[in-house]
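> Structure provided below as structure tokens; questions to follow.
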Protein chains: 2
Amino acid sequence: MKTRDDCLALDAADALAGLKDRFELPPGVIYLDGNSLGAKPRTAAARAAEVIGREWGNDLIRSWNTAGWFEAPSRLGDKLARLIGADEGEVVVTDTTSLNIFKVLAAALRIQQRDQPSRKVIVSERDNFPTDLYMIQGMIDFLEQGYELRLIDADLSLEDALDADAAVLLLSHVNYRSGAMHDMARVSGLAHERGALVIWDLAHAAGAVPLALTADGADFAVGCTYKYLNGGPGSPAFLWVAPRHMDHFWQPLSGWWGHSNPFEMSDRYDPALGIRRFLCGTQPIISLSLVECGLDLALEADMQDVRAKSLAMADLFIELVETRCADHPLTLVTPREHAGRGSHVSFLHPEGYAVMQALIARGVIGDYREPELLRFGLTPLYLSYADVWDAVEILRDVLDSRAWDKPEFRTRAAVT
Amino acid sequence: MKTRDDCLALDAADALAGLKDRFELPPGVIYLDGNSLGAKPRTAAARAAEVIGREWGNDLIRSWNTAGWFEAPSRLGDKLARLIGADEGEVVVTDTTSLNIFKVLAAALRIQQRDQPSRKVIVSERDNFPTDLYMIQGMIDFLEQGYELRLIDADLSLEDALDADAAVLLLSHVNYRSGAMHDMARVSGLAHERGALVIWDLAHAAGAVPLALTADGADFAVGCTYKYLNGGPGSPAFLWVAPRHMDHFWQPLSGWWGHSNPFEMSDRYDPALGIRRFLCGTQPIISLSLVECGLDLALEADMQDVRAKSLAMADLFIELVETRCADHPLTLVTPREHAGRGSHVSFLHPEGYAVMQALIARGVIGDYREPELLRFGLTPLYLSYADVWDAVEILRDVLDSRAWDKPEFRTRAAVT
């Protein structure tokens, strides 16, 4: 049976412990929602002041050149590439995950249209993050070219879904609800064997688990910089394309920034070679610039150390919840096997919404997802083992005292 | 013949003069590029510090509710509506102008597909801002439904272009090069008479000229917040849809934020009623928040006063350039008639690129557009008549002394 002193001992031996002070977290808060919105790097405020004061206010339009605004999506992309097993020139930071799904899905369908035009099925999972499904539905509806969406669920396995009609497989690497993680190499290999291309949504994976896009044979990937990469609320997303696909197709969101020579002001779109053709319109420079603060911190840590601490914290969290809150109806939905999960842990509780609100009121910030799901993100860069202990103690107290059983904790907020 | 004292007298009588101090401009700079990137409101730095410090850093994920992040695109849209002749609930601030063109063009084509399916031509202008044309080309190429782009130019009039095949007319209200402005009511009326729907790109018009989207019969509009609205570099764009079209179509970039009930986490896209269905993915909250600083300043001014000062400054600028720089090969390309122009003035000069670099080196910041075009933005909120005088004096000196004729002014920067 573990004690809080055991946790303190783990913290004393933690190679990543020094990074916690590089983030600024409010006093009295144990933040277990870095899987939804990452914490603020201490450098963010100064960087924003520089972009707003010097780059915008003083240098004005000249900053497109002097502050490197034009190169920023690629410069940040090159840094991010190191965290996802990709190379320089293969990643851009731009737009939103939803929009980037549209771009890479369009590119993937075009490749299949050329090579295997009879394949008209886009495969995903019913419990994939909804926006992934919505973007697929929007494209199918818009194209009117006979595509259909096929969803893997309790009644349909991945293996069965990948039949001779499957054009593209779009999966989240780590599931936003359960935290379950796919084996990227195995699934990519299976998709290719069956003739499908594979798009990975890394929203809950980038910065959370070691990734090897190239080695694992992925075709396309998109992801988020404001969760485990700590880029700030709604910071621009990223997009990766395997070099073998990069220059073959002009994706339909073909704005000026993706043009081969945008300042020539030609009336005809001519896509840039390489990853830049996946850029579209003018990016939100201030939000984009702050992505670098989070990336620089992530790059200071070894992803293998991050993964080891993430798994150890999650193991600890699960063990403590299952022992210290054993009298309460909490059901673990995250896979126990290390290889099968990402960096957050989810439990079901019949009063999940109210329990989470009561936890938040006590300073333990996780989040809630319909139905009944309590999510706890375990972010190695700014959480300690003692934090995990303390969070479970507060959870236990909230449950033992039925502190959640109050009207104010049952009232749904606009955003859950 | 005007003198600098005449300009000072105009400034003394200027009802908008007090707004200049609400912006922070670098010393020694006369900023004539607010048509490309607006100046920085003094409130921007403090607002950014608040969003980064309190909303992100301290309140973290709770700010989706407590800081109103979820409502921000609509709240800002409602403010912006007052500047463009629209009503509450008709505008959102989101994504980029390029992406918003894609959304409204998709919606417009869907309406025509239902009502007049034989119309397959999208009409625009050859000298429209390139990204508008690129987005149309991307959509046509992607859809493979027989659409084509028809460009108005020296050989094809608007009247001739709007034939029985024309589905949609997409125009910039104010041309990014010449500053020429369309008569929105007349052109919208003509388009409707010919059976086409009309999309207005207001990038160079919003905040620059009075607009009356509803009264003038527009169908859709998009535009930019970082030019005359001073929202900050690359700040999110806006999108307006006439209420008569709003709820009829599901646009294809159908991400979570446009869902009727996004936190239900349904696997099926069900679009929100109203303008919110034109939202897609998570927005860059810091850049988005700063849009409000610029909007609040714009709303302090009466748009009729802004227009009167803009025209008076441009008349003065043209008169001074044509008299004091008369010996130099400068050709006005902006229409002289007030009703036919926006808020920037452009001259051709055979050495335009080098002339602009020499001007910038002397603190007069305008910009250059291929080929040969010098652009000067006249922004009433933070320019004085004396600024106009001083800018022309420096232009005259640069031309008289051939200060532009140096190798360093001929070397093209990455971004022009």
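Glycine is no exception: its Cβ is also placed from the backbone N, Cα and C atoms.
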> Please pick, from B:T66, B:T282, the residue that TrEMBL records in the pyridoxal 5'-phosphate site together with B:T97, B:S98, B:F129, B:P130, B:T131, B:D132, B:D201, B:H204, B:Y226, B:W256.
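Record source TrEMBL; matching candidate: B:T282.
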> Hey, which of our recorded positions B:T97, B:T131, B:D201, B:K227, B:T282 end up with a Cβ under 8 Å from chain A?
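The recorded positions close to chain A are B:T97, B:T131, B:T282.
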> What Cα-Cα separation, expressed in whole Å, is found between B:T282 (pyridoxal 5'-phosphate binding site) and B:K227 (N6-(pyridoxal phosphate)lysine)?
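Cα of B:T282 (pyridoxal 5'-phosphate binding site) to Cα of B:K227 (N6-(pyridoxal phosphate)lysine) measures 23 Å after rounding.
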> Compute all pairwise C-alpha distances among B:T97, B:S98, B:F129, B:P130, B:T131, B:D132, B:D201, B:H204, B:Y226, B:W256, B:T282, the residues listed as binding pyridoxal 5'-phosphate, and give the largest one in whole angstrom.
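That value is 30 Å for the farthest Cα pair.
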> Can you tell which of B:T131, B:T282 has the least company, meaning the fewest other C-beta atoms within 10 angstroms of its C-beta, among these binding-site residues?
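Least crowded of the binding-site residues B:T131, B:T282, by Cβ count within 10 Å, is B:T282.
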> List the residues of the same chain that sit at least 6 positions away from B:Y226 (pyridoxal 5'-phosphate binding site) in sequence and have their Cβ under 8 Å from its Cβ, in sequence order, or write 'none'.
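The list for B:Y226 (pyridoxal 5'-phosphate binding site) reads B:L37, B:G38, B:G232, B:P233, B:G234, B:S235, given in order along the sequence.
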> Any idea what the Cα distance is from B:D201 (pyridoxal 5'-phosphate binding site) over to B:K227 (N6-(pyridoxal phosphate)lysine), rounded to a whole Å?
13
> Return the residues near B:F129 (pyridoxal 5'-phosphate binding site) by Cβ distance under 8 Å, restricted to its own chain and a separation of at least 6 in sequence.
B:S172, B:Y176, B:D201, B:A203
